[in-house]
Amino acid sequence: MLKNSIIVDVSGKPGISGVSGFSGHSGSWGSSGNSGSWGSSGQRGGNGTNGSHGGRATHGEHGTSGTSAQSAGNIKVTIEGVNHKSIVVSGTANETLCLDDGAGKVLVFLANGGDGGDGGHGGSGGSGGNGGSGGSGGSGGSGKSGNKGCNGGDGGDGGDGGNGGNGGDGADGGNGANGGNGGSGGSVVIETHNPALLKFVQAECRAGRRGYGGDPGCGGSGGHGGSGGSGGSGGSGGSAGQPVDSESLSSGERGSDGRSGQSGQNGQSGRQGMGGQDGQDGMPGSLLFRVYDPITNNILDQGTSVFDLFVTSFQLFATEDDGVFEPGETVFVSAVTLSNQGGMILPVGTVISFPSTQGQQSFLSADTFYVLDQAILPGGIFTIPFQFFGTISDTPEPMGVGPYKSILPVQSSATLLTSPFPGAFLKNDYIIQYPIQFEAIFAPPQLGRTERGTVTVTFKNISMMNYGSTVGERQHLKLNIVFDPRFIVHNEPGLNGVNGIEEDIPFIQAGMTYSRSFQVEINDIAQFFEIIPFKVSLHLRGKKIENLESMIRLTPNYFPTVPGQNPFDVLFFTDKQIQRPEFLCYIKIFEGLGLSVNIWDIERYGGISYVRGTKDRHPITWVNGGFEGKLIVHPMFNQGDDQYMDSADLLQLLRGPTWKEENTKPTEGGVIFIGNVDAEKFKTRLFVPCKGHVIPQTELKEMFLLSTPGESNLARKCTDYIQKTLLKKAPSRVYTSHALKFNPQKSGALSKTTLGTAKYKELPTTVCDSLFFIPSTGGNSQNFLVIDSQNNLTSNQFLVSSNFGRLFNTIIFSLPLERKLKLLKQPTEWLKTALFTEERGAVVNYVHPIIWSLNYYMLLEISYKNEIGRYTSVILKDFETNINEYKSHPHCKVIAETLYLVITKYRKELKWKGMLFSKTKENKQAFEKFCLNFEKILFSLLPDPVATLQKEAQEKVKVMPKDTYSFHLKFVTRPITDRFHRDLENELNEGLFASASKAVTKNFNSVSEEVSNVGSDWW
């Protein structure tokens, strides 16, 4: 069987690399000196002996040289054959071969010089030994004790320490050895009468690389000198003898310490060896390819490299060229340019083709090819006068939406005797799409009942040819639009039985557009916040080529209201993220609590307080519509959308139209945002419309004797005024310093400096007003309720930690107190059956959420003295007035016992707090008075003896978690509270109080930090 390849290798053998030298041995370490002996009584201690010197190291060995390589032999062969199936090689090698189709460089001839051997590296010198340490001096002997009537004897001196030994010298490194010379390349001559056979040849005759010299060995490091011995300590003096009569005796003096010995000197480092020299590169050989005339045997061509073909460019065209390549279209490749980048003439017979390719879109070749019928000189360029045909693969009708777009790869190929040229593989990518596309669809994002809207579909001709049913069969276009049955389509006589319209598109000029409009209305079948879809399809030559879908949301109209005549309990802000299932969850809570709802859709009306992007009010607006004292619920489309509710509008909701006046009363309304909030930015916006008040000059003075006043001193004085004057009087209020102008003035050397001028701002609201944010995972309210693990639409039992549970409880917290007390007495039918699962697993009914909110009110009164009586007086009056209704309540016992536990827990905490805090006396007395009256009412609701309840309550509150009734506060953000307020409230919840002065200082410091950070930015 004939071989399909041959390798002739006469390359020189490489040189052998030298051996690296061994490293020298390190010197031995010197021995340490002996310590001196201790002195006898009162005698000097002995000296320590010197340490011995470190030993000298041995030198590193030299590396051995690398040997030179051998030069290559010579090759001369003749290659003959008609084609690759029968090739005869003769000369230096003799072989008959049969090559495989598609073979590459399989005739290999090598005459390379061998590489020289590398020199060995020098060995490193050994390190010198370290000197021994000197011996320590002996301690002096203690002095003798004095006899009766005699002084004590002196102690002996300490002995001197011995000197340290010198370190040994490091040894020299060995020399690196020389590299060997590279061998020279040989002569390679390859001759043939058939130049095409050279396509299979690979020949080399390069020079051998020189051997590299070895690296020098490093010198050894010198040994470290030994440390000197420490001197011995002096002996202590002897004690005095027993005095005789009244004479004064003394103890002996302590002996002197001995001197420390000197350290030894470090040894010298060894010298680095010398590096070896590189060898010489070999001489390159010679390579010659020669082609003879088969008849005359004259030389036709010769060179040092063979021919090498590259395809440098080509172009793709459509048979019906409109400037767009589309699926299923017939195309052809032309303007194929070839370049011979080799050193010899490219013979005739090379086959050029464009085979089928696979990609997002496939090129289906017609298997046309071109045989090169003329030779191409070295460096020559040739453009093929031929077209290669193929087809772009077709694609099925689209199932999804959007324009069709894919990539078509087209790649060239060139072979000689079936052997491919690597440089001939040129791949170009082409965009495949249809000449007509949807450009846009315009439809109102939402419509109200009985409201008409216009749907406009626009098509774009992206080609350079006119299209349309009037142009021709190849350019025929049709549109098909199908509206959901919940649409009414007006003035369309061609409307079919599926509420659709199918019609020809008459004409779209090249590069231009065509639009078609439809008048639609949503019928009574649709429900609010349903998404009503419609679909459009585009057809070319009877084939669907693109789909498009859009939708319109059905939104309710806002019902205009006026102050005093507003029948609604809730103003619900919706936006485009609110769809029917989510809307029904909100409505389930509102209706379940018996709350009537007015809806303002932000997308529909283009903004909240103002028309989006302007400061213009809406023609019909909810502002000044009598929503003070009502519940406002705003699920935010994006985090930060709270900024679009004007600060003045928000303050009016909580404090009424006269909110700018001093001491306005709360409206008892509530505002709930769903989503995350930047509390500092939110608070900053609230302060903007508030007017500033001047801080008295007397509060802005300070004595400076050794320091110079700065702006920070002015800011601190403003903070002091807010803390010690304003917050002391009204702790539930929120203040900030404002308009600080540093202008220090001093009237005398020992007088106080007036630091400048400043103002403060005060929010008309307090931290007790119902203003909440309910945080969400994504920061917005997208699918806030429908993502709960429970099905909120079908279930009637809810986790308090779920989004539904958090929203429900926040709404209960935000309702006016009278309204929640009414719900406690007269629950709705839904509320009667609703159940709530607490975090610890207990399942409770609606009574508990209402009591949790009452507990919150009690916490606020206890924490803030300016809020005393705001809530408890209403609670007490309601129970006194409606005592009989509570007695007949089906959950009377649960109400009474749970409320008694709430006040018992607070009384216990206040009793301990009151012993430490004189400032809570007023709060404690007021709350205790309420409790005494309230417990009488609660006891009257219970038929059993109350002694048992009292005892059980005391035991329960001892083990009750601190957030038993206030856990919901961790599920919400109260954006205008600062650290001062949180600390006040947490003190009671935690039941931990160090001292009054410490706590007050801590709280004031907290406020100081927050206010100082803001400074005059709220101007």
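The first residue you see is number 1, and the count goes up from there.
Just so it is clear, glycine is given a Cβ too, placed from its N, Cα and C backbone atoms.
For reference, TrEMBL has these:
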type	residues	note
COMPBIAS	24-41	compositional bias 'Low complexity'
REGION	24-71	region 'Disordered'
COMPBIAS	42-54	compositional bias 'Gly residues'
REGION	120-188	region 'Disordered'
COMPBIAS	120-186	compositional bias 'Gly residues'
REGION	218-282	region 'Disordered'
COMPBIAS	218-240	compositional bias 'Gly residues'
COMPBIAS	246-269	compositional bias 'Low complexity'
COMPBIAS	270-279	compositional bias 'Gly residues'
DOMAIN	309-434	domain 'DUF7932'
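Sorting each residue of the compositional bias 'Gly residues' (218-240) by its DSSP state yields 0 helix, 0 strand, 23 coil. Within the chain carrying the compositional bias 'Gly residues' (270-279), a Cβ under 8 angstroms from the stretch's Cβ atoms is held by residues 15, 57, 59-60, 62-63, 65-66, 68, 116, 119-120, 122, 125-126, 169-182, 210-222, all 6 or more beyond its ends. Under DSSP, residues within the compositional bias 'Low complexity' (246-269) fall into helix, strand and coil as 0 helix, 0 strand, 24 coil. Per-class residue totals from DSSP over the compositional bias 'Gly residues' (120-186), listed helix then strand then coil: 0 helix, 0 strand, 67 coil. For the compositional bias 'Gly residues' (270-279), DSSP puts the residue distribution at 0 helix, 0 strand, 10 coil.
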